[in-house]
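Asks: Among the features that TrEMBL reports, active site, proton donor is placed at Cys117. The phosphoenolpyruvate binding site feature in TrEMBL is assigned to Lys22, Asn23. The UDP-N-acetyl-alpha-D-glucosamine binding site annotation in TrEMBL covers Arg93, Asp303, Ile325. Look at TrEMBL and you will find 7-405 tagged as domain 'Enolpyruvate transferase'. According to TrEMBL, the 2-(S-cysteinyl)pyruvic acid O-phosphothioketal annotation covers Cys117.
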Amino acid sequence: MDKFVINGGKKLRGTIEVKGAKNAALKIFAASILTPETVKIKNVPEVEDITRISELLKDLGVEVIHPKKGEYQITAAKIKTSVINPYIAKKLRASIVLTSSVLARTGNVKFPHPGGCVIGERPINVFLDGYKALGAKINYRNNLYNISGKLRGAKFVFSNISVTGTEAMLMASSLAKGKTVLKNCACEPEIESLANFLNSCGAKIRGAGTPFVIIEGVESLKGAEYKTIPDRIEAGTFAILAAATKSNILIKNCEPEHLDSLWIVLKSAGVCLKISSDSVEIIPSRLKTVDVKTHEYPGFPTDLQAPVCVLLTQAEGQGLVHETIFESRLFWLDELKRMGADVLMHDPHRISIKGPTKLRAREIESPDLRAGMAYLIAALVAKGKSTLNNVYQIDRGYEKIEERLRKIGAEIKRI
Ligand code: EPZ
C-alpha cells in the first residue's frame, strides 16, 4: 500500500486545475450500457473508482476502450451476464447505480448487498422500493438480490433523499414503458448532468436538478458524447486547503456556481475570495470560526465536512459542525484530536471545534476518501513530517494529488 510523506507547515502558492467529477463520470459509465451504441466520455478523472467501474463493465461483457488520458469509449453491444461481480461491487458503493442500467437493459440483475462503510450503514431500500414501483420482482437468495421484470412507468416518492437512488431511477425509467413521476429527488449537479447525457441519447427527462422529475420512457437509446462536469468537491477541497494553510491559490476549471454554500461558509470564516465564472482565488486571511451544517444540495456538501473541520482547527473561536447526512461520518475526528485538534463530540451527528490550535505532525491512516483528504490537509498545516497510510482511499477520488500539490509548493512524496 502506498503512503504519502508530507513535510507540512509551509505556505503554498500557484494555480491548480480541477479534474472532471468522479461522482458524475461514474454514473455516465453506468448509464452507457443503456444503449448498444458507443458512448464517448471526456474529461474523466484518472482515479481508482473509475478503474473499478471499468472492471465491472468489462466483467459484464461490455467493451471499454481508454484511447487516451481522460477519455473512454464504452460499447455495450451485448451484455453477457446480469450478475454484477460481487468481489468488485463490494469495493465500490457506486456500483449500486449499475443495478439499474443492467435491469433496464436486460430485464434482470443479480448483485450482493453493498458492503457497509466507515461513513455509515448505507442501506439500499430506496433502490429496491423504486424498482418495485416500476414493476420489478425482488428476491434475495444465496447472498444475492435477484431483481427482474419488464419495467413500467409509475409514480414514486423517495422516502429519503438519495443521490444515487435518484440517478438509478432516472436510468431505469428512461427505458420503462410509459411515464414516471419522481418526487423528493436529490438535486445535485451530477444528477442534472446525468439527465442531460441521457437526453442527448434520446431519453425524455424533465426537471432533473429539482425535487420533481418526469420521465417519458422510450423504446431505446442511442450513443452520444459526454464531457464530465468539473468536480465540485475537489474544487471545494482545494479552496479549504488554501484557506487552512493560509496560501494564495488560484483554482481553475471549476464551476463556482455549484459551491455557493461553501462560499458562504468561507466568507463567514473571514476567507477572502475572488470568484469568476470558472475560477476561484483564495487569498490568505485571518480565520474566525463558523457553524457548519451539512445538507443535501444546494446545502453544504457532506463530502466537504471533513476538510472544513480541519479549517476550523485554524480559526479563532468555537464552531459547531452538524453532520446530517451520514450517521458515522464524524468518527474520523478521533485521529485529528491526536494531531492536537480541540474537538468535543456532543453526539454522533454534532461536534464542536475550538481554535486556533497548532496541529502536530504524525503517522495517520486514511479511513475513507474524504477523511483521508482532510488528514492530508491537516498534515500540510502541521509543522514537520507526517506519514499518511492507505493512500488508496485518496486515489479513489483525487487524480495524482501529490503531483498536483507539489506544483503549488507542497512537500509531499509517495513511497
Ligand atoms: C452519494 O452517495 C455520493 N456517492 C457520496 O459521495 C455523497 O457523500 C452522498 O451522495 C451524499 O451527497 C456517489 O455519488 C457515488 P445518498 P449516496 O443515497 O448516493 C440514506 C464520496 O466520497 N439512504 O444520497 O450513496 C443514506 O444512508 C461519496 O465521493 C437510505 O436510507 O448517498 C444517507 O443517510 C461518499 N436508503 C442518505 O440517504 C437508501 O436506499 C443520503 O445518502 C439510500 C440512502
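Residue numbering: from 1, along the chain as shown.
Backbone N, Cα and C define each Cβ position, glycine as well.
Map the listed features onto the structure and describe their local environment.
Replies: Every protein chain considered, the tally of other Cβ atoms within 10 Å of the Cβ of Lys22 (phosphoenolpyruvate binding site) stands at 26.
Sequence-distant contacts (6 or more apart, same chain, Cβ under 8 Å) of Ile325 (UDP-N-acetyl-alpha-D-glucosamine binding site) comprise Thr294, His295, Glu296, Thr302.
Restricting the average to the domain 'Enolpyruvate transferase' (7-405) gives a pLDDT of 96.
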Asks: Between the Cα atoms of Asn23 (phosphoenolpyruvate binding site) and Arg93 (UDP-N-acetyl-alpha-D-glucosamine binding site), find the distance and write it as a whole number of Å.
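Replies: It is 11 Å, counting Cα to Cα.
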Asks: Other residues near the UDP-N-acetyl-alpha-D-glucosamine site, CB within 8 A of the CB centroid of Arg93, Asp303, Ile325?
Replies: Ile119, Val163, Thr302, Phe326, Arg329, Arg370
Asks: State the Cα to Cα distance, in Å, between Asp303 (UDP-N-acetyl-alpha-D-glucosamine binding site) and Lys22 (phosphoenolpyruvate binding site), rounded to an integer.
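Replies: Distance (Cα to Cα, whole Å): 12 Å.
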Asks: Let me check the 10 A CB neighbour count of Asp303 (UDP-N-acetyl-alpha-D-glucosamine binding site). How many other CB atoms are there?
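Replies: Asp303 (UDP-N-acetyl-alpha-D-glucosamine binding site): 22 neighbouring Cβ atoms within 10 Å.
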Asks: Between Arg93 (UDP-N-acetyl-alpha-D-glucosamine binding site) and Lys22 (phosphoenolpyruvate binding site), how many Å separate their Cα atoms?
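Replies: Rounded to the nearest whole number, the Cα-Cα distance is 13 Å.
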Asks: Any idea what DSSP makes of Asp303 (UDP-N-acetyl-alpha-D-glucosamine binding site), helix, strand or coil?
Replies: helix
